Amino acid sequence: MSKFKSLLLLFGSLILLSGCSNVEVLNPKGPMASDSKFLIMYSIIFMLVIIAAVLILFTVFLYKYRIGNTDESGKMHHNSLLETIWFIIPVIIVIALAIPTVNSLYNYEEKPQKEDDPLVVYATSAGYKWFFSYPEEKIETVNHLTIPKDRPVVFKLQSMDMMTSFWIPQLGGQKYAMTGMTMDWTLTASEEGTFRGRNSNFNGEGFSRQTFDVNSVSQSKFEDWVKDAKKQKVLDQDTFDKQLLPTTENKNLTFSGTHLAFVDPAADPEYIFYAYDRYNFVQKDPNFNTEEERTADVLDKPDQPARKPEITNANYERHGMKAMILGNNEPYDSEFKDEESHNMDEMEKISEGAKDEKASKIEKKDHENGGGH
């Protein structure tokens with residue numbers, strides 16, 4: 001066998017082997033993920049049809065207008081029919097791709113109804129970890145998540161340090177978590193099982209390890225799990241602050257109580273720097289050989305008092321928004337939810353206002369640039 005054939009066989013085998021892998025986005029376990037799979041396959045098939053048509057036309061024209069065929073000159077200066085066709089076809093292609101895509105995007109942002117009894121979970125990113133706070137159940141987990149099957153879960157995405165992206169491929173698409181704001185993202189698991197979630201936005205050394213397990217169980221098993229979680233150690237502020245320190249050696253933890261009792265990350269984006277100071281953690285060159293070198297100077301116990309709830313987000317102060325502090329003995333009631341919704345509405349207005357301001361600046365700049373012509 002020639003060297004070329006050997007290489008061809010080798011690369012062909014590699015291509016076939018790739019089909020043996022479990023592509024998570026093509027193995028959906030929720031309605032949003034199923035919708036995403038449909039869009040992916042629809043787009044691929046649509047593009048393959050277009051490519052096949054182009055290759056067929058290319059072959060036909062290559063043969064028809066070959067040098068040896070003296071009956072066809074191949075010269076054409078104008079043809080209204082053909083020009084209309086190759087204008088209309090791309091428009092049809094764009095419309096055919098846009099309609100299901102736009103429809104899906106609107107479905108993704110649709111909020112669940114009260115009768116659906118959605119479960120609310122605050123998903124907070126910090127220190128290459130994910131903190132999941134259950135405000136109604138008064139429990140918190142680190143790097144693992146348990147949800148009931150067939151029940152919508154409203155994730156309230158927040159970040160306490162770098163911008164990250166919350167993604168559970170088998171349940172749906174990703175959405176960014178950023179400091180100083182809260183982003184809603186609703187997902188539902190239609191099957192029981194364990195799925196993998198991750199941060200899909202590169203944010204440093206621990207990016208590849210910022211993952212979490214998602215356990216989808218029946219409602220009765222979820223209630224049993226909540227009862228067991230409430231028996232765990234209470235999450236106090238000292239423990240939470242130490243967990244905020246960046247580390248690539250993360251563990252799955254469960255606590256009773258939540259960090260919502262003493263900090264609202266959206267209202268107090270500077271909180272994490274105070275936590276660093278309490279444990280003498282200093283940001284250094286991240287490329288250490290071992291985790292011990294990275295955290296060599298970190299204290300076992302804090303040398304400063306716990307920080308009281310504060311508002312350091314200028315937008316909160318400017319728009320009269322309140323910090324969402326929910327004590328471990330306080331109910332996640334309608335009053336709290338109303339204030340929560342109010343803050344979300346205000347953040348949307350701020351976002352829209354920023355877009356309008358940016359657009360007006362661009363328009364003004366274009367006007368000034370065009371004024372001299």
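For all residues, glycine too, the Cβ spot is worked out from N, Cα and C.
Here the structure is a predicted model, which means the values were calculated and not measured.
Swiss-Prot lists CYS20 with the feature S-diacylglycerol cysteine, giving sequence analysis as the kind of evidence. According to Swiss-Prot, the feature N-palmitoyl cysteine maps to CYS20. Annotation comment: Swiss-Prot describes 38-58, 82-102 as transmembrane segment, evidence class sequence analysis. Per Swiss-Prot, compositional bias 'Basic and acidic residues' is recorded for 292-320, 339-373. What Swiss-Prot records for 292-373 is region 'Disordered'.
Under 8 Å from some Cβ of the transmembrane segment (82-102) lie the Cβ atoms of residues 38-39, 42-43, 46, 50, all in the same chain and six or more residues away from its ends. Here the compositional bias 'Basic and acidic residues' (292-320) is broken down by DSSP into helix, strand and coil counts: 8 helix, 0 strand, 21 coil.
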